[in-house]
Amino acid sequence: MALGSRAASWWARLLSPGPGVAPRGPPAGLAAGLAACRRPYSSGGKEKIDMSTYPVESIRNFSIIAHVDHGKSTLADRLLEITGTIAKTDRNKQVLDKLQVERERGITVKAQSASLFYNHKGVNYLLNLIDTPGHVDFNYEVSRSLSACQGVILVVDANEGIQAQTVANFYLAFEAQLAIIPVINKIDLKHADPERVEKQIEKLFDIPVNECIRISAKQGTNIEKVLEKVIEKIPPPSFNTTDPLKALVFDSTFDHYRGVIANIALFGGEIEKGHKIVSAHTKKRYEVNEVGILTPNEQPTDKLYAGQVGYLIAGMKEVTEAQIGDTLFMHKQPVEPLPGFKSAKPMVFAGMYPVDQTEYNNLKSALERLTLNDSSVTVHRDSSLALGAGWRLGFLGLLHMEVFNQRLEQEYNMSVILTAPTVPYKAILSSAKLIKEYGKAEITIINPAQFPDKLSVSEYLEPTVLGTIVTPQEYIGKIIVLCQDRRAVQKDMLYIDEHRVMLKYLFPLNEIVVDFYDALKSLSSGYASFDYEDAGYQAADLIKMDILLNGNPVEELATIIHCDKAYATGKFLCERLKDAIPRQLFEIAIQAAIGKKIIARETLKAYRKNVVAKCYGGDITRRMKLLKRQAEGKKLMRKIGNVEVPRDAFIRVLKRQPDK
């Protein structure tokens, strides 16, 4: 007898009434449970979608790009609702922002994709949408997303107008030769001025005013027009299902139970469960366990075809097996690998160490899994006498570094020590001995301990960036002074309209990396926006500054700085160390030195016993004799005593201080 019917007959006997009593049924919740027992078991819950009904000509792949906080994720929510991908409720706020850090900060950190089904003029279309981050630090996510698209929706705030990141994202899409649909969002706001924004778009991007669509993503105004424009203006992908399988891995995540889940875009052929595939990067062979699309949750399908975007699970157990930018192809049908992605260039380096060295292996595993999901982070092994074994990580910016650290804490429960950020410098060697040792004349320095002596170097180089500042004109004076103070050189100045100005400056990277953005926002009452791109290296007068404790250098506190900023930085570090190091029985001299020259000093006074407390009057010579003997003892103690800098003092000094 089946389990369901056996349980039902047992309940019937148990609840059977006596003579003359009305029959009772099982409680309501249990009745539903019994009905479920009788139903046949179904896997997955959802019906599998037949992807063969969507030929290449009815597929559109597009991204939403914009400056931070211009309404990309809200527009994505409305598109998901209008196509019936998600139910329409008041709780739909930034549905594609799945990470805890994204919810807390209210920004998009990871590009997320979703497949939408839409019927236009009687034809069913498959729209693959990718929602991208808006902050400059996550530009790599945007450029990666654009490689899987044929067009973009460029969102501009009707209140704020074109901002720095709007310009940067437009040129990314323009260089990739993608179809661009300009959308003016937030027209429901009280101070919205869509006419002014349309003129800005026409002047800067040369897009006619009549091509702009005015929408309100929050209220759902004109969203249908956006979908229609996507279908009409964005071309379908030019791939063929009869070609051999060629799939690009453009993102991946790690699941503890299923291994690596790879997000793929098919550039040819088709893929289904049971297919034997090979990775072009690792040359390993896998059997496909599951394929499907993201709606935005995983929805298994029987097959994926050329031009479609979805996910794949193929028993990859190691995080190193799913490299972003890798090409997957069918076993015994090798293809030319896709060019992949240009590797991200780290702009900021910081040391990362476990708080407790026993956590080293756990942190190593967490780093491997997180860098699988965020491939723009570079990792190098490093060690420090004070902080133990760790890593030197390269990030795309300061916000990227903070978000990465926050994700480590939230997703992997790891507490780490993150040292002050530094930038990568270069040195052109003149010493034949050093050139032979390094095997090249130009070396990159990411750790101050590797800084070569000035005598063996012909010139030092520092990284520069081309910064774009968009600001209301009343703040120009203050911003120009700030830029000059940061050793910046003005390259261009353009009036976008009668109220807004776009400034272009060449900045040394180390001048903007810590607190420039905060200073810019406070000077402009939050109205100015900032974006930057790599501009190569330039010659600079760089020096290595050592910190000495009683004449002994402390390796972890050495820094590379421009000679103009040496005195201020040295004084700041000495003052901070004076507060951090505990007092000893002998005096400690804290000094900042460039070579043999001392440029700043603070003295940490010794603990002293009051040796003259027993003197009540009498001759002054008695008093002087006791003090002289104490001073000699302290001098001897200082010669033989070692200053041990406690670990927490290192952490306090090395931690980033926003306001120097």
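Cβ coordinates come from backbone N, Cα and C, glycine included.
TrEMBL entries are annotated by machine, without manual review.
Look at TrEMBL and you will find 66-73, 131-135, 185-188 tagged as GTP binding site.
Look at TrEMBL and you will find 57-238 tagged as domain 'Tr-type G'.
By the criterion of other Cβ atoms within 10 Å of the residue's own Cβ, the least surrounded of the binding-site residues Lys72, His135 is His135. The average pLDDT computed for the domain 'Tr-type G' (57-238) is 83.
Taking the Cβ of Asp69 (GTP binding site) as centre and 10 Å as the limit, one finds 16 other Cβ atoms among all the protein chains shown. The Cβ of Ile187 (GTP binding site) has 19 neighbouring Cβ atoms from other residues within 10 Å, across all protein chains displayed. Counting only same-chain residues at least 6 apart in sequence, those with a Cβ under 8 Å from the Cβ of Thr132 (GTP binding site) are Ser63, Ile64, Ile65, Lys72, Thr108, Ala111, Phe138, Glu141, Val142, Ser145.
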